[in-house]
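J.: Sharing a structure with you now.
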Amino acid sequence: MTENNRLSVKLPGLDLKNPIIPASGCFGFGEEYAKYYDLNKLGSIMVKATTLHPRFGNPTPRVAETASGMLNAIGLQNPGLEVIMAEKLPWLNENFPDLPIIANVAGSEEDDYVAVCAKIGDAPNVKVIELNISCPNVKHGGQAFGTDPDVAAALVKACKAVSKVPLYVKLSPNVTDIVPIAKAVEAAGADGLTMINTLMGVRFDLKTRKPVLANITGGLSGPAIKPVALKLIHQVAQVVDIPIIGMGGVESAQDVLEMYMAGASAVAVGTANFADPFVCPKIIEKLPEVMDQYGIDSLENLIQEVKNSKK
């Protein structure tokens with residue numbers, strides 16, 4: 001078996017040469033990282049969230065360091081669907097034609113999501129939509145779409161009806177029980193899941209006696225959340241039949257294989273990109289060696305082995 005075949009995985013809409021994907025919000029639209037290495041090396045790219053209209057994000061400060069991680073409250077800053085369709089996605093396709101794009105979609109109400117999902121699949125090389133259901137629903141008192149199984153299912157159904165590409169749903173860990181939500185979005189037609197999104201957290205400045213972030217709360221990411229991600233992925237993998245792209249604290253080839261053991265079929269790398277811009281190609285390069293170390297001949301076989309063990 002060639003090195004390439006060992007790492008390749010097939011998921012709905014995605015034929016990946018390797019399973020490593022920069023996570024949405026940690027890689028922009030690839031422009032900055034393209035100065036460092038050829039993005040065609042990546043399995044895929046989850047681009048920054050797209051909303052119907054431009055978003056300027058939250059007031060600063062909006063990033064804070066934590067032990068083994070970071071808090072962010074960026075607020076989905078992006079130039080909006082029109083600019084992303086006209087400039088950002090075509091640039092990626094022109095410069096990196098072998099890189100499948102996963103478009104992350106966010107909104108404040110169901111109609112916003114539907115409008116973006118109806119169009120973004122037309123952009124060149126967009127193979128999959130990642131639906132960010134952790135956004136507050138302005139029509140339901142600001143409660144996140146992803147915290148209620150019925151609301152999440154209705155959103156998925158509406159977006160699925162207009163989407164031209166497979167739909168993956170990004171699950172929030174900030175819930176009492178993630179399983180009913182995973183089952184609800186699968187029943188509503190989701191083609192895959194991505195998980196986990198950030199955990200909510202806060203930090204205080206001892207001098208000012210106030211929260212460090214202007215938004216007060218932020219999303220916690222980085223190595224600190226990996227055990228939580230593994231636990232939730234493992235839980236969800238027992239009850240759904242659609243593939244999971246695992247994320248949360250991944251920074252090494254060993255972490256990637258742990259995600260597979262939990263039930264993931266591909267892996268996204270987020271916060272680690274800030275500490276080391278080369279982390280994704282380094283993991284891709286190291287993966288075959290670590291697979292050898294643990295007697296893993298291919299990722300597809302590992303996926304099957306994990307699936308068989310849950311029966």
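Just so it is clear, glycine is given a Cβ too, placed from its N, Cα and C backbone atoms.
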J.: ASN132, ASN137, ASN301: which one does Swiss-Prot list with SER24, LYS48, ALA49, ASN104, LYS170, ILE196, GLY222, GLY248, GLY249, GLY270, THR271 for the FMN site?
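T.: When Swiss-Prot describes the FMN site, the candidate it includes is ASN132.
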J.: For ASN132 (FMN binding site), write down the residues of its own chain that are at least 6 apart in sequence and whose Cβ falls under 8 Å from its Cβ; none is a fine answer.
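T.: In sequence order, SER24, ALA49, LEU76, ASN104, VAL105, ALA106, LYS170, ASN197 meet the Cβ cut-off.
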J.: Can you tell which of ALA49, ALA73, ILE196 has the most other C-beta atoms within 10 Å, given these are the binding-site residues?
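T.: Comparing the binding-site residues ALA49, ALA73, ILE196, the most crowded Cβ belongs to ILE196.
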J.: Is it possible to get the count of other C-beta atoms within 10 angstroms of the C-beta of CYS135 (active site, nucleophile)?
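T.: By my count, 23.
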J.: If you measure from the CA of GLY248 (FMN binding site) out to 10 Å, which binding-site residues from the list LYS48, ALA73, GLY75, THR198 are inside that radius?
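T.: Correct set: THR198.
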J.: Within the same chain, and leaving aside LYS48, ASN72, ALA73, ILE74, GLY75, LEU76, ASN132, ASN197, THR198, name every residue whose CB is within 8 angstroms of the centroid of the CB atoms belonging to the recorded substrate site, in sequence order.
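T.: Going along the sequence, the neighbours appear as GLY25, ALA49, GLY219.
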J.: Which site among GLY75, GLY248, GLY270 has the most other CB atoms no more than 10 Å from its CB, taking these as binding-site residues?
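T.: Most Cβ neighbours within 10 Å: GLY248.
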J.: Take the C-alpha atoms of GLY270 (FMN binding site) and THR198 (substrate binding site) and report the distance between them in angstrom, rounded.
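T.: Cα of GLY270 (FMN binding site) to Cα of THR198 (substrate binding site) measures 10 Å after rounding.
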